[in-house]
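K.L.:
One structure, as structure tokens, below. Some questions next.
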Amino acid sequence: MTSATIPGLDTAPTEHEGLLAWVREVAELTQPDRVVFTDGSEEECARLTEQLCEAGTFQKLNEEKKPNSYLALSDPSDVARVESRTYICSEREIDAGPTNNWMDPAEMRGIMTDLYRGSMRGRTMYVVPFCMGPLEAEDPKLGVEITDSEYVVVSMRTMTRMGQAALDKMGTDGFFVKALHSLGAPLEPGEKDVPWPCNDTKYITHFPETREIWSYGSGYGGNALLGKKCYSLRIASAMAHDEGWLAEHMLILKLISPENKAYFIAAAFPSACGKTNLAMLQPTIPGWRAETVGDDIAWMRFGKDGRLYAVNPEFGFFGVAPGTNWSSNPNAMKTIEAGNTVFTNVAKTDDGDVWWEGLEGEPDHLIDWKGNDYILRETETKAAHPNSRYCTPISQCPTLAPEWDDPQGVPISAILFGGRRKTTVPLITQARDWQHGVFIGATLGSEQTAAAEGKVGTVRRDPMAMLPFLGYNVGDYFQHWIDIGKNADESKMPAVFFVNWFRRGDDGRFLWPGFGENSRVLKWAIERIEHKADGRSTPIGIVPTAQDLDLEGLDVDPEDVDAALAVKPEEWRQELPLIEEWFEFVGEKLPTGIRDEFDALKHRLAEEA
């Protein structure tokens, strides 16, 4: 079949020649039955969800409990990002760096072109125009995803500003990121489809110089919703490096003091370390309020006043379900309860609602994420997959900040780095200056979670929580962070803090209650910015004492707070060779400034001996 005979190609609602040529090229290669240009309308979404229900991909949930919401159960082999099959195919291997898989781009294009050949046969090819961040931005970042997955189209409508408005923004010659996705599951005439088509062979490939994404074989969110990690972090980080800004794996939180002064905080935590919970914080300190700007990604650019301004490029939440409940994150629950949500790989109750581990109430009987009968307490397996998700519109969040859609972004007062560490790292530490803050982010370590492949529980270095998402060499990335500070007025730069909500006592208990009580820790950070709070100088930075924190009304053992804030030089001396090992892995591109900070830390720890 030539492109001339594929229905839908001749009715494109655009005169963008570059886009039309690409669509024709992909259609000729992948051989779909038809081509559809998506418009993002309610009618289109309703039509696609009906199709997905008929195909068995979606199960309609109880309309009274979860209005206009659906459950999808994936193939058991397609449940998470596949870091082992994710590539940065820069022209030079050194530009991908040691943290990324690399292949020569010409070789990769050859392999994937062969895989794409005929891969959409029997399916519809959707052309999905989208914008990351507000459409009215000075420099809107546009993209087009071509996909053969209705699940992807529906999810992209939730997660991005998708449809005709984005297409119109491109005009006749505007630049856009090309994002090509195929499930790799062609259908022969008369062949019955499966509810979750995918392929055992998977590639998620990025070409940073040409700003292209090619994904094959997976229908799962992070591998298939190409506006998310692929564009917003991997390709955008390469763009940011070239253009002098930052594309980061960070939530954006608005904290409002009793004096009604607003502070915006960006925070980088690895997956499943409480990012969404903090983004939707409910402060427990009287008079303080919090609002949400974003829960996962922040793009930070300098404003005309010399400060860093952040936008959330996303339009929805793609959150981890297990552990989300009315106690840990009531605002996430309210967002989900409002409806219009797609759940993936959670369990289903007998009355057509959803359930996952950590949710209040334990039904006697469930259908688990594999579609099997499940009796709680009779098995050690999980009813919901540990990386099961909800995909829901950000506009439904009850604590959404009015500035969330501001094309200028919001001015960032503080940047937090944090991971999941049982020992060593105190509840909060303030960096001495910008470069010291970059060192803290560059050496961030966290225990492995279920959001990625690999052994759960082992500590891995996750610089700025960007390890799986860097679009270029990690050493160049650290230098870019240092340069961002060098080229700015440091007095206008955000203060940098290092937090750890997860420290445990010798008996294995969490020392800090976390969740809403984290507002007490953030209050200290804000007061440090305002020069109103004390802290003690330690070898690792400025750390508060228990007396420096507002603990009024908190029922917690004072000894636990002291232990959560403790800086133990002997533990940090054990950390030094692990950092050294990490730097050896980073290799020759490790910036001198980072090495200088490490040497200074060693010196300060030696003085504590």
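One-based numbering along the chain as shown.
Note that Cβ sites are derived from N, Cα and C of the backbone, with glycine treated the same way.
Predicted, not measured: the structure shown is a model, and the values here were computed from it.
The following feature annotations were taken from Swiss-Prot:
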BINDING   Arg81, Tyr220, Gly221, Gly222, Ser271, Asn387, Ser388, Arg389  substrate binding site
BINDING   Lys229, His249, Asp296  Mn(2+) binding site
BINDING   Ala272, Cys273, Gly274, Lys275, Thr276, Asn277, Arg389, Arg420, Phe515, Gly516, Glu517, Asn518  GTP binding site
ACT_SITE  Cys273  active site
K.L.:
What is the separation, in Å, between the Cα atoms of Cys273 (active site) and Lys229 (Mn(2+) binding site)?
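P.N.:
Answer for this pair: 17 Å between alpha carbons.
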K.L.:
Looking only at C-alpha atoms, tell me how far His249 (Mn(2+) binding site) is from Asn387 (substrate binding site), rounded to the nearest Å.
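P.N.:
Cα-Cα, rounded: 18 Å.
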K.L.:
Expressed to the nearest Å, what is the distance separating Lys229 (Mn(2+) binding site) and Arg389 (substrate binding site) at their Cα atoms?
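P.N.:
The separation of the Cα atoms works out to 15 Å.
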K.L.:
Given the binding-site residues Gly274, Phe515, Glu517, state which is nearest to Ser388 (substrate binding site) when distance is taken between Cα atoms.
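P.N.:
That would be Gly274, nearest by Cα distance.
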K.L.:
DSSP secondary structure for Phe515 (GTP binding site), reduced to helix/strand/coil, please.
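P.N.:
Looking at the DSSP assignment, Phe515 (GTP binding site) belongs to a helix.
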K.L.:
Take the Cβ of Gly221 (substrate binding site) and count every other Cβ within 10 Å, whichever protein chain it belongs to.
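P.N.:
A 10 Å sphere around the Cβ of Gly221 (substrate binding site) contains 23 other Cβ atoms.
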K.L.:
Run through the Cβ atoms and count how many others sit within 10 Å of the one on Phe515 (GTP binding site).
P.N.:
18
K.L.:
Any idea what the Cα distance is from Gly221 (substrate binding site) over to Thr276 (GTP binding site), rounded to a whole Å?
P.N.:
17
K.L.:
At the Cα level, what's the spacing in Å between Asn387 (substrate binding site) and Gly274 (GTP binding site), rounded?
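P.N.:
That comes out at 14 Å between the alpha carbons.
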K.L.:
Binding-site residues Arg81, Gly222, Arg389: which have a Cα within 10 Å of Thr276 (GTP binding site)?
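P.N.:
Hits: none.
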K.L.:
Show which residues of the chain containing Glu517 (GTP binding site), separated from it by at least 6 in sequence, have their CB under 8 Å from its CB.
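P.N.:
Expected: Thr284, Leu554.
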K.L.:
Quick one: pull the CA-CA distance for Arg389 (substrate binding site) versus Asp296 (Mn(2+) binding site), whole Å only.
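P.N.:
Distance (Cα to Cα, whole Å): 14 Å.
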K.L.:
By CA distance, which of the binding-site residues (Gly274, Asp296, Phe515) lies nearest to Tyr220 (substrate binding site)?
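P.N.:
It is Asp296, whose Cα lies nearest.
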K.L.:
Using Cα coordinates, what distance in whole Å links Arg81 (substrate binding site) and Asp296 (Mn(2+) binding site)?
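P.N.:
Their Cα atoms are separated by 15 Å.
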K.L.:
Round to a whole number and give the Cα-to-Cα distance in Å for the pair Gly274 (GTP binding site) and Gly222 (substrate binding site).
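P.N.:
Between the Cα atoms of Gly274 (GTP binding site) and Gly222 (substrate binding site), the distance comes to 18 Å.
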K.L.:
Could you round the CA separation between Ser271 (substrate binding site) and Phe515 (GTP binding site) to a whole angstrom and send it over?
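P.N.:
Each residue's Cα considered, Ser271 (substrate binding site) and Phe515 (GTP binding site) end up 16 Å apart.
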K.L.:
Tell me the Cβ contacts of Asp296 (Mn(2+) binding site) under 8 Å, same chain only and six or more apart in sequence, or just say none.
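P.N.:
Listed in sequence order, they are His249, Met250, Leu251, Lys275, Thr276, Ala279, Asn312, Glu314, Phe317, Phe318.
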